[in-house]
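Copied over from Swiss-Prot:
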- 165: active site (ACT_SITE)
- 262: active site (ACT_SITE)
- 292: active site (ACT_SITE)
């Protein structure tokens, strides 16, 4: 699609989102478009420092968890001494960027709003690690904490998964992997998904939206996919194209959030409509005037904080509902 035919989203954003787009951090250099992947990872970490400031204070603990691929770093956020549930968080970043620090504020806010222990998983990034390594690392982390619950004062009977963008795909894929492989790590009471991609190769929203402002042009999306997958056959895997999985049964309750001007919004719409058609518990909410990745900007956007609180409320409601 010619760029001229796309929706001019920058003229339609909310005032809050526009303020974020126009905000310039003092002393921040330009994005290293021609830099190698490690340079881009370091820039992303630097750029996110401002957005992670002034986060709630709470007890945190870092733990290296053994997996078949080696140790994976996790960070436990404990807002209170005892927890009624665990929420595992998978960060976004197109499978190639991000870590526990780039999403620290998001995890702290989720821990505060749910009152539960949030465990961030620093899964191995692509292209150094290819599908399905990040999923298998996540499953290994869940298995580890289910076996060492007393050591960490965890309640592993009720667990959930959460993630943004690529992390949302990993969150849902990991829950389906546990179901499909009959791996018991606790009762998955909910999955919180913010503006994820779930397997569509093309869509109306991918044609109408996406540009330099969000890093989600068609070329960008192709690059992320090629970095993550081993080969073209993986495109149809039921833990990458989640619409090729069985979404008609035993899908944990899903909170599905989308951004109005996100090229990935049709992934969320299709996921919601599929689950709803098959009586799988789910809730869908679109946040008007927003771009992909708006969850990061709660320092300037009340709607970002609203989206986190909406997900937290969904999770807490499922904590009280026998399943």
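Just so you know, the numbers here start at 1 and follow the chain as drawn.
Using N, Cα and C of the backbone, Cβ positions are placed for all residues, glycine too.
Since this is a predicted model, take the numbers as computed values, not measurements.
Recorded features from Swiss-Prot, shown on the structure.
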| residue | record | Cβ neighbours (10 Å) |
| --- | --- | --- |
| 165 | active site | 26 |
| 262 | active site | 28 |
| 292 | active site | 24 |
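For residue 165 (active site) paired with residue 292 (active site), the C-alpha to C-alpha distance reads 8 Å.
Each residue contributes its Cα atom, and for residue 262 (active site) and residue 292 (active site) these two points are 5 Å apart.
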